[in-house]
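Below is one structure, written out as structure tokens; the observations come after it.
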């Protein structure tokens with residue numbers, strides 16, 4: 001059990017976090033090609049978010065420095081985790097912190113870095129969410145009531161890997177940031 005605890009950086013892990021950590025350890029022991037890559041990886045926390053159609057999305061929050069290591073094995077790891085947890089889409093996101101905007105009344109000790117601003121964190125969440133695919137364009141549509149809908153255009157070369165998850169991406173992004181978003185994969189007509 002101590003090896004399961006070592007995969008989770010949380011003090012009091014939930015039942016779902018323990019199940020995912022156990023799956024990580026099972027994958028380490030069963031597949032030799034993933035063993036070296038999975039050993040140093042840890043999870044900060046996991047959230048389960050409801051998506052339309054009775055599906056759920058498992059959002060695994062990982063430390064920011066470990067994100068590049070996760071990207072190396074993300075396609076294989078996602079496939080294996082989705083086999084173990086059916087009817088759930090697995091999404092890896094880095095745990096990022098947003099610092100409040102400095103005001104006149106608050107004492108400013110250090111200048112707020114660009115990477116900790118709300119806009120930068122939301123853009124990085126979007127990039128992490130659609131990782132194997134690249135974002136090729138963004139459009140903002142303003143509705144009559146003043147609401148905004150962001151349209152994100154994804155690269156069409158990875159349609160098979162990502163097409164079935166687009167609704168999950170929309171629900172997760174809306175839940176985490178409060179912004180409405182629509183994903184679109186433009187068709188290649190040459």
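Even glycines carry a Cβ here, placed using N, Cα and C.
Fair warning: this is a prediction, and the values are worked out from it, not measured in the lab.
Under the heading N-acetylserine, Swiss-Prot lists 2.
Here residue 10 (phosphoserine) comes close to 17, 44, 45: these same-chain residues lie at least six apart in sequence, with C-beta atoms under 8 angstroms from its C-beta. Residues or ranges marked as phosphoserine by Swiss-Prot: 10 (among others).
According to Swiss-Prot, the phosphoserine annotation covers 31 (among others), on the basis of a large-scale study or a structure entry. Other Cβ atoms within 10 Å of the Cβ of residue 31 (phosphoserine) number 13 in total over all chains. Look at residue 31 (phosphoserine): DSSP puts it in coil.
Spatially close to residue 83 (ubiquitin cross-link) yet at least six residues away along the chain is no residue at all, judged by Cβ distances under 8 angstroms. The feature ubiquitin cross-link is assigned by Swiss-Prot to 83 (among others), with experimental evidence given as support.
The feature ubiquitin cross-link is assigned by Swiss-Prot to 84 (among others). For residue 84 (ubiquitin cross-link), the Cβ neighbour count at a 10 Å cut-off comes to 14, with all displayed protein chains included.
Rounded to a whole value, the Cα-Cα separation of residue 84 (ubiquitin cross-link) and residue 31 (phosphoserine) is 15 Å.
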